[in-house]
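Peer 1: Here Swiss-Prot flags Cys37, Cys48, Cys51, Cys63 as [2Fe-2S] cluster binding site. Here Swiss-Prot flags His95, Cys99, Cys102, Cys109 as [4Fe-4S] cluster 1 binding site, drawing on sequence analysis. The [4Fe-4S] cluster 2 binding site annotation in Swiss-Prot covers Cys147, Cys150, Cys153, Cys200 and is backed by similarity to another entry. Annotated [4Fe-4S] cluster 3 binding site per Swiss-Prot: Cys157, Cys190, Cys193, Cys196, in sequence order. Among the features that Swiss-Prot reports, [4Fe-4S] cluster 4 binding site is placed at Cys264, Cys267, Cys271, Cys299. Among the features that Swiss-Prot reports, domain '2Fe-2S ferredoxin-type' is placed at 3-79, with the record citing sequence analysis. Taken from Swiss-Prot, the feature domain '4Fe-4S His(Cys)3-ligated-type' applies to 79-119, supported by sequence analysis. The domain '4Fe-4S ferredoxin-type 1' annotation in Swiss-Prot covers 138-165. Look at Swiss-Prot and you will find 181-211 tagged as domain '4Fe-4S ferredoxin-type 2', backed by sequence analysis. Annotation comment: Swiss-Prot describes 257-313 as domain '4Fe-4S Mo/W bis-MGD-type'. Annotation comment: Swiss-Prot describes 252-984 as region 'Formate dehydrogenase'.
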Amino acid sequence: MQEHLIVTLDGTDYLVEPGTSLLEFIKSRDTFVPSICYNESMGPIQTCDTCMVEIDGKIERACSTVVNRPMTVNTQNNDVKASQKEALDRILEKHMLYCTVCDYNNGDCEIHNAMDAWGLEEQSYEYKTKPYEKDYGPFYRYDPDQCILCGRCVEACQDIEVNETISIDWNREHPRVIWDNDVPINESSCVSCGQCATVCPCNAMMEVNMEGNAGYMTDTEPGSLAAMIDLTKKAEPGDGLLFAVSDSEAEMRKERIKKTKTVCTYCGVGCSFDVWTKDREVLKVQPSHDSPANKIATCVKGKFSWGHINSDQRLTKPLVRKDGEFHEVEWDEALDVIETNFKRIKNEYGGDHLAFIASSKGTNEESYLMQKLSRQVFGSNNVDNCSRYCQAPATKGLFRTVGHGGDSGSIEDLERAAMTVLIGTNTAEAHPVIASRMKRAQKLFGQKMHVFDIRKHEMAARADAFYQPKPGTDLVWLGAATKYIIDNDLHDKAFLNDWVDNYEDYYKSLELFTMDFAEETTGIPKEQIISFAEEAAKAESMSICWAMGVTQQDIGSDTSTAISNLLLVTGNYRKPGSGAYPLRGHNNVQGASDMGSMPDQFPGYQKVADDEVRAKFEKEYGVELNPTPGRDNHQMMEGIHNGDIQSLYLYGEDTGIVDSNINFVQSALEKVDFLVVQDEFLTFTATYADVVLPASPSLEKDGTFTNTERRIQRINKALQPLGDSKPDWEIFQLIAQRMGADWNYKHPSEIMDEIAGLTPSYSGVNYERLQGFNSLQWPVAPDGTDQPTLYMDGFNFENGRAKLFPLTFDNFFKEDEVYDLHVNNGRLLEHFHEGNMTYQTEMIKYKVPNAFVEISPELAKDRDIHEGAELRLISETGEATLIATVTDRVKGREIYIPLNNDAMSNGDLGAINKLTNSDVDKYTDTPSYKRTSCRMEVLTRKGKSPLNPTNFRVDKQRNPQYSVQVQKKWERPDYVFPGNVVDK
């Protein structure tokens, strides 16, 4: 390792590690150098030229200089100051300073701050307007007149988000930011991640919700605002008065703009950020370099989809059904009805006749209390959560082989991996921020990406190798690839010898998985499987991600097991960039399971049948607990039909839409004696309820979420609950108290303390350790030490060794002459699942108003149907009517239906789960959502496309490039390097 180098900074010697950014080193010494285009999350862009310093006698940019030799650096002499002023003046030539009436005057305008800190008294070049109008997208707008062409937005779009939409046209007389090949924002391939607005150093790129709302004097009509700007320019002539006045106004804004750190309430990535609110209005979501899962990245939902918070469809009072209709009542009356019926059913039938479904949208603390309510108060283990619908098979596969039911590493490992494998996961739409990390690694650092999926989604289109197996056959090619690796002596023998058991039995089970069998069964040519196997074996590190395309099959547990087997055989656990990543769907589906909202497990995956474990919980709960595992979600519905379940209480779960075969589920909801639903809205499921309780969303409460990488993060209350709605944990406590339980929690932190005392994997978790952007990845030791990478001290079995698990395959998909189409389904980027929350944001609904069905060009030709055709799809269980879009994302007789359908407005007419059946994975009861067939009736042969023509999926042409292409700026005849001005 090279020794430290001596850097002499303004006359003082320092020892600096080789490879350090000079600008970062200068900043670390509390020495000011302006650096307007630089962002620590993106690195040097080199467009603003403000970071001029003298290095060994020569004026150079500090941002792009790496300490790789001893050097003498001066930041203060006259030449340096003159070159910095030249650069700052050139920026003010492009950007008008009217700070006091600017919505961005919130203390973090980097142009304002740089000019103020530098001490610029007056500018040398007059501001010049540009011949362009503002461009408004649905969520953010671009003002060319304020743009300094720093290129941060370009870097974010091209090389961080890797959507590759934004660039700068340097060839114009007046360069500007453009979208695609110079189209308006709303007509471009922009996916509205908002990262451009996040990183913009000024008000050029700004959230629409900020405009006219942030300042005391910014909500005026355009003409009046222009007059105020002119007045401001005269009153603030570029000297210190400008900053004094605007700084005072910025301080005043702090009294009405609240900034609260929270965590996104949508998918399992766990993006954290500050949410800016004024009264009840969400102005802005601002991620941070310190955000552990996402850094500065967001997607359209986390950045902009907050319309549900103030939706006029929010429930603000309890509802009780009387004479077949809902009536608003006070809390006491609703609780009276619940108490009476819960006690009646418990006394008449016993606690086992009540069932409880926890939400994966709620907090850890709330999921914990739901299972505690079920077990302590009612003596029932009939408690579950929506991991039953999606991730239970992945958890099963990991418990079989490595012993923990969670990601083996961190999101960072997916970026570090030499090779990533995506199986049955539409990552770019379901986990977009994770997808961006992998797209960046592939684009900039040469990561190899292999995608196995039946649908050609974005990640498939970007992949180095894309394979399209027949539905439900992933287990076969996985087995064949693993067998090939062993048979050709490519397996990691040292790893297997040191860390893995059951090799002989496992290898014997691979006899079936020949290349010929794999090719015939999967449809993937054996040459492609061999090529994949060889790359997987030789890769320095390999991570495998999978999701619903694997788990929502009737062999989801076995396929998940096969994935882990392959990782063990290639030695891809216990090292950076490797491991198993079952991408969790909801913001807290990992946490809901961690907290014991499952019929056979207490918090921390401790078995209810284990006498020692149960005794521990009995001591804490003060009652004898039921040792018999209860019913899961699927079994609850069967139990209602069989007369074994009389009451169902669920929160934050739209079971009547999201469960499989909702025809069967809806009839159960009609039949159950007493149904309590707790939610933000009168959901489709809530329409069946006897009592509906108004719950508060994440911005209105405190708590914690656990994301897909086992990362525990705090959410903080930003707003008061709307109307009489309450956080779920408070509602559970009210019900428990009505049932006679002594619950007296004052704050969720007390609930977490109780969790930590009972749950070894959370034993070191407390709110103090989760302040700000701090987080912990379980298991967490009592002293707060966590484990970003699992299994470094051995696998989670008694002997510390992993287990290869033998498998077989006899699950052949039989084509049906009547139901001749295979139905695939999944998320769209803009919506989350059924869309109850996302449909409340107007511009999200504008972009994707309804569900639709994707059909292939081949199928369209065969059936003589065209874009906009109205189709009735009929399966063995039900039917759905949808509008078609023709796309090569699907092929042959594969069709694809998004999960969102706005059931609160449209009912279940286009719901995918009208078609799905009741088949399940035999080990977990997870429904086989992806194993659905249907037939088609054509109602109309063509019509209006279901996709808004502005949607990014509709004939958009991205403009990929590397970074901002600053060389084109430097080649312009009007460009002058600030150091050259000094030299002259």
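Placement of Cβ uses the backbone N, Cα and C atoms for every residue, glycine included.
A quick note: this is a predicted structure, and the numbers were derived from the prediction, not measured.
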Peer 1: So if I exclude everything within five residues of the ends of the domain '4Fe-4S His(Cys)3-ligated-type' (79-119), which remaining residues of that chain have a CB under 8 angstroms from its CBs? That is, six or more out.
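Peer 2: Counting only partners 6 or more residues beyond its ends, the domain '4Fe-4S His(Cys)3-ligated-type' (79-119) has Cβ contacts under 8 Å with 32-36, 48-54, 59, 125-128, 130, 145-149, 201-204, 206, 210-215, 217-218, 225, 228-229, 232-233, 236, 238, 242-243, 245-247, 249-251, 253-254, 257, 976, 978-979, 981-982.
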Peer 1: Tell me, in order along the sequence, which binding-site residues from Cys37, Cys48, Cys157, Cys267, Cys271 have their CA within 10 Å of Cys150 ([4Fe-4S] cluster 2 binding site).
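Peer 2: Checking each Cα against Cys150 ([4Fe-4S] cluster 2 binding site), the hits are Cys37, Cys48.
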Peer 1: Using all protein chains in view, find how many other C-beta atoms are within 10 Å of the C-beta of Cys153 ([4Fe-4S] cluster 2 binding site).
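Peer 2: Other Cβ atoms within 10 Å of Cys153 ([4Fe-4S] cluster 2 binding site): 27.
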Peer 1: Can you tell me whether DSSP puts Cys267 ([4Fe-4S] cluster 4 binding site) in helix, strand or coil?
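Peer 2: Once the DSSP labels are grouped into three classes, Cys267 ([4Fe-4S] cluster 4 binding site) ends up as strand.
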Peer 1: Neighbourhood of the [4Fe-4S] cluster 1 site (His95, Cys99, Cys102, Cys109): other residues with Cβ within 8 Å of the Cβ centroid, in order?
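Peer 2: The surrounding set, listed in chain order, is Met96, Leu97, Tyr98, Tyr104, Asn105, Ile111, His112, Gln146, Cys202, Asn203, Ser246.
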Peer 1: Can you give me the residues near the recorded [4Fe-4S] cluster 3 site, meaning same chain, not Cys157, Cys190, Cys193, Cys196 themselves, Cβ no more than 8 Å from the center of the site's Cβ atoms?
Peer 2: Cys153, Ala156, Glu161, Asn163, Thr165, Ile166, Val191, Ser192, Gly194, Gln195
Peer 1: Averaged over the whole of the domain '4Fe-4S Mo/W bis-MGD-type' (257-313), what is the pLDDT?
Peer 2: 97
Peer 1: Looking at the binding-site residues listed here (Cys157, Cys190, Cys193, Cys196), whose Cα lies nearest to that of Cys109 ([4Fe-4S] cluster 1 binding site)?
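Peer 2: Result for Cys109 ([4Fe-4S] cluster 1 binding site): the nearest of the binding-site residues is Cys196.
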Peer 1: Using DSSP and collapsing to three states, where does Cys51 ([2Fe-2S] cluster binding site) fall: helix, strand or coil?
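Peer 2: Assignment for Cys51 ([2Fe-2S] cluster binding site) reads coil.
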Peer 1: Summarise the domain '4Fe-4S His(Cys)3-ligated-type' (79-119) by DSSP state, stating how many residues are helix, strand and coil.
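Peer 2: With helix first, then strand, then coil, the domain '4Fe-4S His(Cys)3-ligated-type' (79-119) has 26 helix, 0 strand, 15 coil.
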Peer 1: Below 8 Å Cβ to Cβ and six or more residues apart, same chain only. Which residues does that give for Cys196 ([4Fe-4S] cluster 3 binding site)?
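Peer 2: In sequence order, Tyr140, Arg152, Cys153, Ala156, Cys157, Ile166, Met205 meet the Cβ cut-off.
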Peer 1: What are the other residues, in sequence order, whose C-beta lies within 8 angstroms of the center of the C-beta atoms of Cys37, Cys48, Cys51, Cys63 at the [2Fe-2S] cluster site?
Peer 2: Leu23, Pro34, Ser35, Ile36, Tyr38, Pro44, Ile45, Gln46, Thr47, Asp49, Thr50, Arg61, Ala62, Cys150
Peer 1: With an 8 Å cut-off on Cβ distance to the Cys147, Cys150, Cys153, Cys200 Cβ center, who else from the chain surrounds the [4Fe-4S] cluster 2 site?
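Peer 2: These residues sit around the [4Fe-4S] cluster 2 site: Ile148, Leu149, Gly151, Arg152, Val154, Val177, Cys196, Val199, Pro201, Cys202, Ala204, Met205.
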Peer 1: How many whole Å apart are the CA atoms of His95 ([4Fe-4S] cluster 1 binding site) and Cys147 ([4Fe-4S] cluster 2 binding site)?
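Peer 2: Cα-Cα distance, His95 ([4Fe-4S] cluster 1 binding site) to Cys147 ([4Fe-4S] cluster 2 binding site): 6 Å.
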Peer 1: How big is the Cα-to-Cα gap, in Å, between Cys271 ([4Fe-4S] cluster 4 binding site) and Cys51 ([2Fe-2S] cluster binding site)?
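Peer 2: Distance between the two Cα atoms comes out at 31 Å.
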Peer 1: Give me the long-range Cβ neighbours of Cys48 ([2Fe-2S] cluster binding site): same chain, 6+ apart, Cβ under 8 Å, in sequence order.
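Peer 2: Long-range Cβ contacts: Pro34, Ser35, Ile36, Cys37, Tyr38, Ala87, Ile91, Ile148, Cys150.
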Peer 1: Just give the helix, strand and coil counts over the domain '4Fe-4S Mo/W bis-MGD-type' (257-313), going by DSSP.
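Peer 2: Tallied per class, the domain '4Fe-4S Mo/W bis-MGD-type' (257-313) gives 9 helix, 21 strand, 27 coil.
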Peer 1: Which residues, in sequence order, are found in the same chain with Cβ within 8 Å of the centroid defined by the Cβ atoms of Cys264, Cys267, Cys271, Cys299 at the [4Fe-4S] cluster 4 site, excluding those residues themselves?
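Peer 2: So the additional residues around the site are Tyr266, Val269, Gly270, Asn294, Thr298, Lys301, Gly302, Pro432, Val433, Asn587.
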